[in-house]
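Colleague: Once you've had a glance at the structure underneath, I'll fire off some questions.
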Amino acid sequence: MASKAKTGRDDEATSAVELTEATESAVARTDGDSTTDTASKLGHHSFLSRLYTGTGAFEVVGRRRLWFGVSGAIVAVAIASIVFRGFTFGIDFKGGTTVSFPRGSTQVAQVEDVYYRALGSEPQSVVIVGAGASATVQIRSETLTSDQTAKLRDALFEAFGPKGTDGQPSKQAISDSAVSETWGGQITKKAVIALVVFLVLVALYITVRYERYMTISAITAMLFDLTVTAGVYSLVGFEVTPATVIGLLTILGFSLYDTVIVFDKVEENTHGFQHTTRRTFAEQANLAINQTFMRSINTSLIGVLPVLALMVVAVWLLGVGTLKDLALVQLIGIIIGTYSSIFFATPLLVTLRERTELVRNHTRRVLKRRNSGSPAGSEDASTDGGEQPAAADEQSLVGITQASSQSAPRAAQGSSKPAPGARPVRPVGTRRPTGKRNAGRR
């Protein structure tokens, strides 16, 4: 009888252990596929709701050939525009003369007419800088000789009679300055040096903090942003000024920041990916994109708001062309940087990583497990030796749970020592502990 009771207790303990293992495996599998299950359950939710919660299951990495084609077409158009159309360089790069005087009630059309009658040619630009009593008229033209400058000043004084600081009409109120074309070249040279130093520091940091494949992807994405932004300027015909060059450098920081946000999530999702066969590396990277999608959009929107405010102040209130050029290149760069961090940098990272032996072997194992229909951990148990087996489905889990709920109490009744995994059994005595000190003493 004792041997039979012992055998019964062993059977009950074994079933309880199997229940615990199956339950943990089912929970692990449920957690591993939470994004897919959530996306299927939230199918009736709106697009914005799924986008905000990160459960949209938008396929980005799986369609990376499409995004590579779109990105390649954009770069091709940008390069073709740069080569065949070229840039519209401002006076700081081509050299020229700037003439300015207090506005008063002067209109731009009147200034252009006086300039044409005085010199027989059109000015490059006539803008009104500032507002109110401090507003000035700024004329930019090709390089003028001393005689041409004096003739233009006389014509402007006769036509508009600008007033000096004492409130009386004076020729001294009209100022002129010449800009050498070498100054813009010096600014560009220094900007290129700063760009190279920036790229080197970025490459070192990402390589040390993450990995070399992320470095290659991030640097390529930044070059993509620079090329497309420059192509937009060439295609639309925006004037290139030193402020434009400075703006190109500022958008690199935003582009890198947005890219690193996604890369950090990719690293978190793919940490130890080779020890599991639930998802491939590409699927984990796509999950990271979905989880950071809304964050990238919110970051871009917050970055665009001050840029738009700067453009409004520069164009409608102050009329400062330098601020307009700076804000314009930043606006274009932020939009392109957001696109590249989601649809270009991460798909490129996945493409580079899939060329490695580790990722290729892991992808084959995942696909083999899915095709065979075996549990997620059966193959890992023999190859990696550390992963728990997953339950086949929820119905089997429910059946095991019901069986255990009946067997666990019997095991507890047959022995004072509870079996592993069995439910706790309350004491049978009539008097329960009160929790008070010295309660049982008389």
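Note: Cβ is positioned from N, Cα and C throughout, glycine not excepted.
This is the feature table in Swiss-Prot:
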type     : residues : note
COMPBIAS : 402-432  : compositional bias 'Low complexity'
COMPBIAS : 433-442  : compositional bias 'Basic residues'
REGION   : 1-39     : region 'Disordered'
REGION   : 366-442  : region 'Disordered'
TRANSMEM : 67-87    : transmembrane segment
TRANSMEM : 187-207  : transmembrane segment
TRANSMEM : 218-238  : transmembrane segment
TRANSMEM : 243-263  : transmembrane segment
TRANSMEM : 301-321  : transmembrane segment
TRANSMEM : 331-351  : transmembrane segment
Colleague: Relative to the transmembrane segment (67-87), which of 187-207, 218-238, 243-263, 331-351 accounts for the most Cβ pairs at distances under 8 Å?
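Modeller: Highest pair count goes to 218-238.
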Colleague: Give me the stretch from 218-238, 243-263, 331-351 with the greatest number of Cβ pairs under 8 Å to the transmembrane segment (187-207).
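Modeller: It is 243-263, which has the most Cβ pairs under 8 Å.
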Colleague: Who are the long-range neighbours of the transmembrane segment (331-351) in its own chain, taking Cβ under 8 Å and residues 6 or more past its ends?
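Modeller: Result: 60-61, 64, 67-68, 70-71, 213-214, 216-218, 220-221, 224-225, 228-229, 232-233, 247-248, 250-251, 254-255, 258-259, 261-263, 266, 281-282, 285, 288-289, 293, 296-297, 299-300, 303-304, 307-308, 311.
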